[in-house]
């Protein structure tokens, strides 16, 4: 049993310090020009990442770091929320305390991050939202790709180049109920519409390679006649490839994935090695975000509310070139 | 061959006092370090800005509240691993009841609190009445609560929109994400302070708390002295569940969403706060004030490391070392 | 082998302080080959500190310790063990979950060629060791299932297995029954004849003359006398220990008992699940009147503890048979809490395990049984707690600050705290299980006085003890248990210790 007063001094200290401190309010409703000090200014950019243990998000941070290196006025700080909404809110609040000049955020989820993004925006800090969105319009620019469109292109490619006379395929989906999984499915369905392509099996593999392998094992047992597999991301496509190899179907089945990360374990290398027939680059938007930041802070321009990123088809013909470009 | 080593009488008393207030000294130490190492603007440390200090207290609120419940459980010689999952379940429950089922604010909050209490009581019953180890029971409780949260939410975060229309939560609920007293003090911090003070007073002066300590100190002795051991243990788990549910409601209000994965791993942060606060994991010794200091210490540490842009993975290392150091200090504590 | 009589161990001018108090003040004694040297003294006289220095458990002292004429400084018990000194502590260092054999060979298990522990060999050697000290135990049984007395014997066997030349025994017989203690005395004799040196701490003055060759008496950290054990009289030793003559250790018997308080008729318990090592009540008939002290005698394992626990609602769950009346009303305590409400209080067998939270304050330990009663609307006032605890502890003669941890008190005072807590519930019937085990002579006498006081106030006392002298000296009547049954009832006015022992043994030859 210990002393009650233990906590009181601590609280008192906090309160006293709070009274001394000042809050820096600067309510210029998203006044992007207020942040602009031209080429002579020095700018600190905060990058709040949802979860760095996803390779795609790691690539996003790497792209931002690489691009920012070429802008001498920029200093970039990174924070990783480790898939925790509450931590990401705290990360952004800490950036505000540090008085960053611009926020780049890839939100873990929309609803929990909306308020703090709005808070930053209301303080006059330009906010660039990457990949996942926030609710409302209290941000400067959203940069991302269209999952529906990428799915449609994947379907179109499969129907035209791989199975021009129609055939039987399997679809491996990402995490059930997640938005990208739904969009990549709907887009794909649109792309193969009326092409005589029959999806004989649809399974969920939660975006994971090992799960893709397990599910594909079962699919190949039930439907050895399958001619192609559409996986909603590259790791699941690679898993399915391993399953096909184990079932003695390697070479007979073609695989199409999505994401095309320019890393050794990514889809581009898998295409180059011939394991996947094709993949579609789902761009991270990292370079584009730094370019936007430069135009806002240095050039005092007012960017468009939305910057939609195009995808790129990767086949064995262009894989090496795309890989090199991605790492420049 | 002789050695001269007499324990100094006065020194031992000083050491005992230092250990008694270990967590507070630790907190002061970390606070000083935070001020020294803080980045600053115009010569004023960023850490000391009012905004930042209240960010710290707000970030402490949820972990702090469940750590207070955890303190009672650990004092009674138990452990509750289900609190993080319970927080997630309560967050989902608040969101679903308010947004989808159209409940009013008060019925929704009371229902969620009652559910947390009931869940805790059930775990306590399973552990105390059937003699299953608390670690196992609450590990199972963690899974059950997560499963319920997934089922209830359909596996996805349930966003909370505010308004009077159908599918909208009462605007009053958004207060949890707001700041009061001139837009400075976050509402969750106020709730945390109230819970902490109430718990400190309760633990120091209530007959119930005396029984909690006795059970943790020597359960058999407590039973033979006529203490209603089973009842006290069950109630302690109920209290822990209730406070976890309160934290879950705050979580939903702050993030405008109830997600089934909310609070993952919070049970470990809460246990860390309790241990840093000087409460013995074996039970019978410790305090809520220590736990509050421990929770604040962890938050300050989190805050300053992030302000200094220390990489997230390195932060984990540093936090781990602090916990080990605190536990190590516990072992040095002079025993009777 | 060298001739007997060479000093094996010699301690000279040994001092050790804890905080401001000197536990030992220039103390010395020697142990020769083939000698049993007894250390006598009240708790806190410095015996334990002295032997813990000898066995390497306590470091940082003044003075000299010599083994075989060489000065040694032990940094740990392992160092001492390497020089052939083994300690059997009062709190046994056995692992309850491991078997008897595994405990004896802990840390030095013999291995088969395949590298696994050689269980067969361990079990065979364990059986041989146990046979040496005359007990037959299954080497495969977990130690936790054994009674305290049996565990003590296992600990002795473990020390023997280490080929110790100097054996330090801290109250080895305090938990043993008469026969077991006899057997131990024989083993000690054999070890002595084989040339070992033995340091022997005991509170049982009666056995010193039979077992020991010499005795050193300590009081307040100093040596107050050294005697040849054979011409030792109990009065001499007691006077040296206490520093004053003792008039009467036991109370003067009174005959003020009035109405019947407790009646058991064919009382028995059918456990729902069998618990190994327990002897549940299997047919007990007895009565306790108000103001009467009734003893529960019998050998170790005769079911004394189990009877008291069952009466207090703390026994093995199961079906009751027979009947129990308290104050003329038939009752059946469901739990300790219920038992307390019915007017029962229990001072349990092992105060460290079942009696006290050692790192909680004396105050918290004392008032624990009445916390609810002291509280106003669920909240306690420190002043009221202090008054309550202070009053009862004052009556019982416990010194020390209320805020100190209970673990800092001497054994006798700890036991008085447990007793105080029991008395605070204002019981009609006080159940006591070995209340003077490990308690020094002075505190023992005080506890007997307190029991007499309680009886004089009309409380009925049921006292379980393994010391015949205690039962005969303190109780009005003694009920002897055997195999969970009430075997005989003796009136202590005309029965002595020998009859008591004979009754306990029953038909066993």
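Note that Cβ sites are derived from N, Cα and C of the backbone, with glycine treated the same way.
TrEMBL assigns the feature transmembrane segment to one of the listed ranges (B:156-173, B:210-227, B:264-281), namely B:264-281. Of the candidate ranges B:56-76, B:83-99, B:129-149, B:183-203, B:264-281, B:83-99 contributes the most Cβ pairs within a distance under 8 Å of the transmembrane segment (B:105-122). Same-chain residues lying 6+ beyond the ends of the transmembrane segment (B:234-252) with a Cβ under 8 Å from its Cβ atoms: 61-63, 65-66, 68-70, 72-73, 76, 78, 80, 82-84, 86-95, 109, 112-113, 115-121, 123-125, 127-129, 134, 138, 160, 176, 188, 191, 195, 208, 212, 258, 262-263, 266. Looking at B:56-76, B:129-149, B:264-281, the range that has the most CB pairs within less than 8 A of the transmembrane segment (B:83-99) turns out to be B:129-149.
Away from its own ends, the transmembrane segment (B:183-203) comes close to residues 50-51, 54-55, 57-58, 60-62, 64-65, 68, 71-72, 75, 175-177, 209, 212, 243, 246, 250, 253-254, 287-289, 292 of its chain (Cβ-Cβ under 8 Å, at least six residues beyond either end).
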